[in-house]
Amino acid sequence: MACPWNFLWKLKSSRYDLTEEKDINNNVGKASHLYSPEIQDDPKYCSPGKHQNGSSQSLTGTAKKVPESQSKPHKPSPTCSQHMKIKNWGNGMILQDTLHTKAKTNFTCKPKSCLGSVMNPRSMTRGPRDTPIPPDELLPQAIEFVNQYYDSFKEAKIEEYLARVETVTKEIETTGTYQLTGDELIFATKLAWRNAPRCIGRIQWSNLQVFDARSCHTAQEMFEHICRHVRYSTNNGNIRSAITVFPQRTDGKHDFRVWNAQLIRYAGYQMPDGTIQGDPANLEFTQLCIDLGWKPRYGRFDVLPLILQADGRDPELFEIPPDLVLEVPMEHPKYEWFQDLGLKWYALPAVANMLLEVGGLEFPACPFNGWYMGTEIGVRDFCDAQRYNILEEVGRRMGLETHTLASLWKDRAVTEINVAVLHSFQKQNVTIMDHHSAAESFMKHMQNEYRARGGCPADWIWLVPPISGSITPVFHQEMLNYILSPFYYYQVEAWKTHVWQDETRRPKRREIPFRVLAKATLFASLLMRKMMASRVRATILFATETGKSEALAQDLGALFSCAFNPKVLCMDQYQLSSLEEEKLLLVVTSTFGNGDCPGNGETLKKSLFVLKKLTNTFRYAVFGLGSSMYPRFCAFAHDIDIKLSQLGASQLTPVGEGDELSGQEDAFCTWAVQTFQAACAAFDVRGRHHITIPKRYTSSVTWEPYHYRLVQDSQPLDLNKALSRMHATDVFTMRLKSQKNLQSPKSSRTTLLMELSCDDSRSLAYLPGEHLGVFPCNQPALVQGILECVVDNPGPHHTVCLEVLDDSGSYWAKDKRLPPCSLSQALTYFLDITTPPTQLQLQKLARLATEQAERLRLESLSQPSEYNKWKFTNSPTFLEVLEEFPSLRVPAAFLLSQLPILKPRYYSISSSLDHTPAEVHLTVAVVTYRTRDGRGPLHHGVCSTWFSGLKPQDPVPCLVRSVNSFQLPKDPSQPCILIGPGTGIAPFRSFWQQRLHNLKHTGLQGGRMTLLFGCRHPEEDHIYKEEMQEMVQKGVLHEVHTAYSRLPGKPKAYVQDILRQQLAREVLRVLHEEPGHLYVCGNVLMAQDVACTLKQLLAAKLNLNEEQVEDYFFQLKSQKRYHEDIFGAVFPHGVKKDRAERPPGDDKL
């Protein structure tokens, strides 16, 4: 074969035939030179906006230390300008890139779409070969590399150069390939690193140590070379960059490959329950190792073995000697608990699965390493959701508000994780670089490269660190991405292309071809559609205010999807005409206020309740959610049930009732299963006795102690953070400023004015009429009594964490319902110990009774007929249950896993933030009552009793709950009537304080505000009496009317009586003649009586019938002119009312 001299550059004597030119943007010397037509610009690189006229153009190129390979004189390009301007938007500097004209491969971006963020683009990936590269393709690439190599010398070596070209040419002609010299290999590996556009640490490219392993023949030899590499590079923590190059590819059938993605990596195991132990990124490779004979250890940080392939033969497995793997345990300079996370990472990042291309030759096995940038571990390895994913756990341990993104908890947590990584590596004297320093070093490298080569290939998406963004200099730097030769390419995974010689060693798990998988998926989809179409359709409707009903409706849909074709809809999305086509209708709804439906059920309710008849007969079932403290418990659900029955629909099961105060979830599960079974029978579902339903509906009524264990934990309790996480809300601390009994000494009852203050006024925000949620503590006597009954009390001050055994019995998992705390803290702050146990809890307690009689009694009480009578007669606390059944052997784990969560108590705020900055005032009636018709034990309201025992500066954990439907009119001139007996006066105090503030500071005189108050006796419980009189004198309140129910010698008077007798004309003026507002706050019975009285007044004055007055009231509520803030007032059965100071339902719901 003749020597292809047309590939040779001109002699170096012409190398410096350049003209100097100063670029004021670059502030560096430039040189103009012409380019050969053999290397013409691809139009894709042309700078937009450059005018092309086909004339010769003088192009800039750096003159300082220009490599010889870039300084050859060439003919002018007839296509476009040879340079592209690259701007730094941080400092305004502009660089001129000419190196991109040497690019070897077209990127896969399309004319109308950018693929720059694709992880492994085709242009950067090399697949396997079946045949050698043809000599006529190989020779030009070989000569070009020889040119690059000899151009790198400062002094021209013309004779050596020509001789080398001739040698390479003859070698290719004779053998079809050629071999690099040792020096050429060193040059190629370094230059390939220099050309790597995704590497931020290239400033060290010339310091790469090269190990030549091209004489290797077996996998054992490969392993020995790799061990030498790891030992050299690790260097006791002083990491050194290195590469080991194994034999080059020949015909594609004798490849040397390292099957590992990195030399050192941690295993990832798929556990039976679907969770992943270890590094999820390595699941597939770990399974491959197991299939090839590796014995897994199922730890979080198990170093994977090496799988090495030599000369195209089947791979062999090698365990890396533990003494070669340097690992760094993670700790934090500030947080001692960080060490308890048990994290560590290996010190050596050695990429093992890339291919080195140089001069047309391919080296498919060339593991190389640098050293870590901290974010590679701290952000990607530890925090990525698809990796170890520790971000939320760290955020919780830091006490951050992980339930709200706006708290920026992710940013704060990831920063501390990176601090820990850097600290740990530096403490162990292991080389690592922070991302800011790495970004600065790359910017220096980039400037050097533009001066030396006229360009620097760079992938912006990869080079900008995963945190800090625009505060790193690389963020603001425009970059040009292209592929030069030599280059490190990605490869297809070796196990996907390897041709096995020994079929018995082939891994059992094989990937399903995409086409087969797609066909199978399509077939399964068609089958599923056919199956679902053949099933009975079921419509599930929900109406909700808080989202609870929607969640249960979705759960019900999951249950019914086992045998039906369900569709879950909100009531406001449902067309009433669809009732004529229904076969099965299920309804899950809450009851809002005084028996009303939630807002998103109003439209359907109005349409349904005026419907006279249906021609379609279908089956239905209804489940209601509510609170038994209200007299119309689950009223809307019962109303729907009655209406559907009247329309001719057939009831499938009786109405289910879920009580917010006790066992709502248990009641729903029981009703759902009964309804599902009844539906299966009614529609004759085939195989209904063998249907597998979701686990939550099949949970056992037994409590197995061996499924739970307590482990010691050193994490201190942060109460606010724990409450925030448990209740998914922002909890903040206020402190008691003062406490005052508003009732006179003559009264046997207590109503407290609680004044709470906040240190940081900026964190406190509320409007008059809104609620303050308070997280109380249980009574110490109750807590201590329960602790004395626990059979395995871990100690009052021992912090413990509950762990639950996985269903497979293979591992323990932390129960995240409660934070790590002592048992005493759990019973004090987090667990509800005053609400009577549910039926399911009684069944579980029965298994813990050692006396047969008590066990039978508990089982009997768990039945509905006995349970309700026992519950409402005794209303027992958990301690009273333990005292009633003394043979119960209750372990601590039972309490932590089975007792319900203590809920916050809500109170109407009695102050205006404008009038009393940084303060919240509450009006609290202290609750005490006796059960069993006054003969039972004395019970105390949880929150009100806790309030009464507080001292000034004691902390009060709180949250603010917005009540949009109970606020002052947006137009302050509109008249108002305020009706609030007893503590129902609470929000109205905030109203008059706000009006007083407006009057003082803006001179704004609001519209008429009439107050109607009710109490027993003017000398006992007329709370805020003087304050009301003051507001009348100042013109804030127009009138104040008071109803007294216990005046000696006079008939009892209630607010509805005053309303009827004295305010009928005012009601008509406010609600009918003017666009005014009427507010009612108090217990539900009073609110019901007030509403009835108002309807009577309006019906009489406006001559309306019953249906018209109901519609009138509906319009008032729709216009948000009739406002209610009501709470339960139903005493437990058997409570002696004249001895009760306030019902347990005083705490707002």
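Cβ atoms are placed via backbone N, Cα and C, with glycine included.
Keep in mind the model is a prediction, meaning the values are calculated, not measured.
Among the candidates Thr692, Thr799, Thr928, Thr931, the one that Swiss-Prot lists alongside Arg749, Thr983, Arg1016, Ser1045, Arg1046, Lys1052, Tyr1054, Gln1056, Asp1089 as binding NADP(+) is Thr928.
Among the ranges 18-22, 23-27, 433-437, 738-742, the stretch that Swiss-Prot annotates as motif 'DINNN-motif' is 23-27.
His771 is the only one of His727, His771, His1123 that Swiss-Prot places in the FAD site (with Arg905, Tyr907, Ser908, Thr923, Ala925, Tyr929, Val942, Cys943, Ser944).
Site annotation for (6R)-L-erythro-5,6,7,8-tetrahydrobiopterin in Swiss-Prot covers Arg380, Ile461, Trp462, Phe475, and the matching candidate from Ser117, Ser123, Ser724 is Ser117.
Using the Cβ center of Gln262, Trp371, Tyr372, Glu376 for L-arginine, the list of other same-chain residues with Cβ within 8 Å runs, in sequence order, Leu348, Pro349, Asn369, Gly370, Met373, Ile377. Confidence over the motif 'DINNN-motif' (23-27), given as mean pLDDT on the 0 to 100 scale, stands at 35.
Of Trp462, Thr546, Tyr907, Lys1052, all annotated as binding-site residues, the residue with the shortest Cα distance to Trp371 (L-arginine binding site) is Trp462. Spatial neighbours are here defined as Cα atoms within 10 angstroms of one another, and by that definition the neighbours of Trp462 ((6R)-L-erythro-5,6,7,8-tetrahydrobiopterin binding site) among the binding-site residues Cys199, His771, Tyr907, Gln1056 are Cys199. Geometry remark: Cys199 (heme b binding site) versus Thr546 (FMN binding site), CA distance 50 Å. In this structure, Ser117 is the one among the binding-site residues Ser117, Gln1056 with the smallest number of other Cβ atoms inside 10 Å of its Cβ.
Look at the binding-site residues Trp371, Tyr372, Tyr490, Tyr907, Tyr929 and count other Cβ atoms within 10 Å of each Cβ; Tyr490 has the fewest.
Note: Ser1045 (NADP(+) binding site) has non-local neighbours Gly1014, Cys1015, Arg1016, Lys1052, Ala1053, Tyr1054, i.e. same-chain residues 6+ apart with C-beta under 8 A of its own C-beta. A separation of roughly 70 Å, to the nearest angstrom, links the Cα atoms of Arg749 (NADP(+) binding site) and Ser117 ((6R)-L-erythro-5,6,7,8-tetrahydrobiopterin binding site).
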